[in-house]
Every structure is written in C-alpha cells, then in structure tokens.
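Residues annotated as disulfide bond in Swiss-Prot: C11-C71, C27-C117, C29-C45, C44-C98, C51-C91, C60-C84, C78-C89. The Ca(2+) binding site annotation in Swiss-Prot covers Y28, G30, G32, D49. Feature annotation from Swiss-Prot assigns active site to H48, D92; the stated evidence is similarity to another entry.
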Amino acid sequence: NLIQFSNMIQCANKGSRPSLHYADYGCYCGWGGSGTPVDELDRCCKVHDDCYDQAGKKGCFPKLTLYSWDCTGNVPICNPKSKCKDFVCACDAAAAKCFAKAPYNKANWNIDTKTRCK
C-alpha cells in the first residue's frame, strides 16, 4: 500500500529525502500523470504508474494491497505471499530503487503540469 511504498522509498534512499518530496514531482510522481516524463526520476514514476495499471488489470488494488517486505542493506526485498501482494510489492520495490538512483531536480517539484505535461 502507499504507506509501505513510502517506507520502501526511505529504505532505498537511506532516509536522505522525505517520501513526500516525490508526491508532487514532474508529470508522473503523485496522483495521475500525462505527457512526457521531465527526467529520469519522473520516468521512474511513470514506470511505477504503469506497473500499478498492470496490477489493476490482474484484479489487484495496488494502493491498498498490504504485502510483506524487509529492508536489507538499504534494498527493499519482497517476501512473496500471493500473486497480488508479490506483484504490487515488486512494483514498489523497483520504483524505490529507481528513485534512489535518479537525481532529484528541485526545479521539477510542483511544476505546472497543465503546461509542462502535454
């Protein structure tokens, strides 16, 4: 679920940036998404959105699905339990790892999505 995703982000980035900083970044980080991602971090969010879409097509509810995971050496590791839980956990873990590698450009936080995300 979204709280677990937030915790995974903190695991992967070693707590260097609050999870909320990703909630309104670029065209895809946060609710919804459209247009072309503005940078590598925004592409991470688009891939995560697409992964959640795939989870939904499998009958899962990714924003609400609780799963089991551990933070081992600043790497989120999923503990498989069921199809939906494992799929959603994998979406979140991949995004958290992607966020940790991608540069954060403050200029892409809280952008005007109506003009920048076409």
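In case you wondered, yes, glycine gets a Cβ from its N, Cα and C as well.
Swiss-Prot feature annotations superimposed on the structure.
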residue: Y28; record: Ca(2+) binding site; contacts (Cβ under 8 Å, 6+ apart): P37, D42, R43, C45, K46, H48, D49
residue: G32; record: Ca(2+) binding site; contacts (Cβ under 8 Å, 6+ apart): none
residue: C51; record: disulfide bond; contacts (Cβ under 8 Å, 6+ apart): P62, A90, C91, A94, A95
residue: C71; record: disulfide bond; contacts (Cβ under 8 Å, 6+ apart): N7, M8, C11, I77
residue: C84; record: disulfide bond; contacts (Cβ under 8 Å, 6+ apart): A55, K58, G59, C60, F61, T65
residue: D92; record: active site; contacts (Cβ under 8 Å, 6+ apart): Q4, F5, M8, H48, Y67, P76
residue: C98; record: disulfide bond; contacts (Cβ under 8 Å, 6+ apart): L41, R43, C44, V47, H48
Check your understanding: Nearest to G30 (Ca(2+) binding site) by Cα distance: which of the disulfide-bonded residues C78, C89, C117 is it?
Key -> C117
Check your understanding: So around the Ca(2+) site, Y28, G30, G32, D49 aside, which residues have their CB within 8 A of the centroid of those CB atoms?
Key -> C27, C29, W31, G33, C45, K46
Point to revise | Distance [Cα-Cα, Å, rounded] between C117 (disulfide bond) and C29 (disulfide bond) | key: 12
Exercise for review: With an 8 Å cut-off on Cβ-Cβ distance and a minimum sequence separation of at least 6, pull the same-chain contacts of C78 (disulfide bond), or say none.
Suggested key: Y67, S68, W69, D86, C89, A90, A93
Check your understanding: Tell me, how many other CB atoms lie within 10 A of the CB of C89 (disulfide bond), whichever protein chain they belong to?
Key -> 25
Review point. So what sits near C29 (disulfide bond) in its own chain, CB-to-CB under 8 Å and at least six residues off in sequence?
Key: Y22, A23, L41, D42, C44, C45
Practice item. Within 10 Å of each Cβ, count the other Cβ atoms and name the one among the disulfide-bonded residues C11, C44, C60, C117 with the highest count. Key: C44
Check your understanding: What residues, ordered by sequence, lie under 8 A Cβ-to-Cβ from C27 (disulfide bond) and sit at least six positions away in the same chain?
Key -> G33, S34, G35, T36, P37, V38, D42, K46, I111, T113, R116, C117
